[in-house]
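Annotated features in TrEMBL:
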BINDING   Asp65, His146  Mn(2+) 1 binding site
BINDING   145-149, 281-282, 309-312, 333-336  GMP binding site
BINDING   His166, His281  Mn(2+) 2 binding site
COILED    177-215  coiled coil
ACT_SITE  His333  active site, GMP-histidine intermediate
Amino acid sequence: MSLKIFADLIDEQTKNQIISIHEQEHYKDQKIRIMPDCHLGKGSCIGFTQEMTSSLVNPAFVGVDIGCGVTMMIFKSDKNIDLNYLDKTIKNNIPSGINRNKNSLRYEKYVSQDFDKKLKKLCDTITVINYEDVKNSLCSLGGGNHFIEMGYKPKNGEHYYYLTVHSGSRNFGLKVAEHYIKESREKNKELEEFNLELREKVEKLKAENRHAEIEDFIKNERKSYFPQNIELIDGNDGYFRDLDIAQNFAYYNRIAMLGEIYELLERDYILEKQDIINSTHNYIDFSGKNPVLRKGAISAKKDELIIIPFNMRDGIILGKGKGNEDWNCSAPHGAGRVLSRTKANEQLKDSNVNEIMSGVYTTTAQYCIDELPAAYKPVNAILPVIAPSLEVLDTIKPIYNFKAK
């Protein structure tokens, strides 16, 4: 069967988006598997996986935050880590939101010369990307649902900490994606017709003096529009090469943040690294016989260690992949949103954040109402359906969470 949806909780818009994609000629015979945390997305739904049988690809299906993922560093400490000290350390040393570093010293510390040559060549080709800005953005968090989190689990009387970063390729990945999405859409006559019709509808609303409705109308029209004949590009004509660079940049970015925080903590604590686990969300995996495109989904190959964050209160699953081919050797990347950011801010604005986040040290949750647990699918909607894909080894509950304002 070319399409399977492994979700018990799915809204109509998401279902329609999936069906619309599958009905397109290119995707009718593709092995598409939709993960349990699926929800509406741009280009394709979140939770989309596809085993690719050719080099034809729609870059919007990977999305704009190329290489976004979570990386966890597990380490031991000689004593309990002061969370107020941790919070100040992160705020003073890790740029977040739209901020970046003032120089490229961290880039030079964590990135190889070979990678730097590839990046420089890419920036020379896609001229809207500023090489110096990209270098300065390495070791910075970003905003939205990106976070830095610390979990704690004592073992045999020793202090085990689980430091996790969720971040992507920053503005660099966005620019790479936009370049190739534009290339794809310039071929798409159907999209031009849609935009023309949309402008006509907006002009009609203006003529009827319904200006207050225009913004929501445009959003809804674009959300419900799933073009039937999207022009694909050949990934071998540059997209796969540049995608790989952006994917690696995103990983280096997370490793740099973990490395810097760890080194700063070493000034006051005796630490011992145990392991580093990485799960990437938005990317193409070229490691198998056929590439697998994953958007809002992670690799779960046999015996592969994986991490799945649910929300900033309920913690992170530490699991082991089963290599289930029927799932495209994939697993969900999280819980999946049930409320858009706009709806979450509206419906959850009166929430008692301190009560909800009890037991988790955070100085930023009150500014991130749209990231509260209620904005996501409940854990019990995901856990029962993931057994074919992975074995749950442990759940790491957070004691600290940081998100950009």
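Cβ atoms are placed via backbone N, Cα and C, with glycine included.
Shown on the structure are the features that TrEMBL records.
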residue : record                : Cβ contacts under 8 Å, 6 or more apart
Asn145  : GMP binding site      : His166, Glu371, Lys403
His146  : Mn(2+) 1 binding site : Cys68, Ser96, His166, Ser167, Gly168, Lys403, Ala404
Phe147  : GMP binding site      : Leu141, Thr164, Val165, His166, Pro309, Met312, Asn401, Phe402, Lys403
Glu149  : GMP binding site      : Leu163, Thr164, Val165, His166, Pro309, Met312, Ile316, Pro398, Tyr400, Asn401, Phe402
Asn282  : GMP binding site      : Val62, Gly63, Asp65, Ile66, Gly67, Cys68, Gly69, Gly168, Arg294, Lys295, Gly296
Phe310  : GMP binding site      : Ile316, Ile317, Gly334, Ala335, Pro373, Tyr376, Val379, Ile382
Gly336  : GMP binding site      : Pro36, Asp37, Cys38, His39, Ile46, Gly47, Gly296, Tyr376, Lys377, Ile382
(request) Measure from the CA atom of His281 (Mn(2+) 2 binding site) to the CA atom of the residue listed as 'active site, GMP-histidine intermediate' and give the result in Å, rounded to a whole number. (result) 6
(request) List the residues of the same chain that sit at least 6 positions away from His281 (Mn(2+) 2 binding site) in sequence and have their Cβ under 8 Å from its Cβ, in sequence order, or write 'none'. (result) Cys68, Gly69, Val70, Arg294, Lys295, Gly296, Ala297, Ile298, His333
(request) Give, as a single whole number between 0 and 100, the mean pLDDT over the coiled coil (177-215). (result) 85
(request) Determine, from DSSP, whether Gly334 (GMP binding site) sits in helix, strand or coil. (result) coil
(request) Taking the Cβ of Asp65 (Mn(2+) 1 binding site) as the centre, count every other Cβ atom within 10 Å, in any protein chain shown. (result) 24
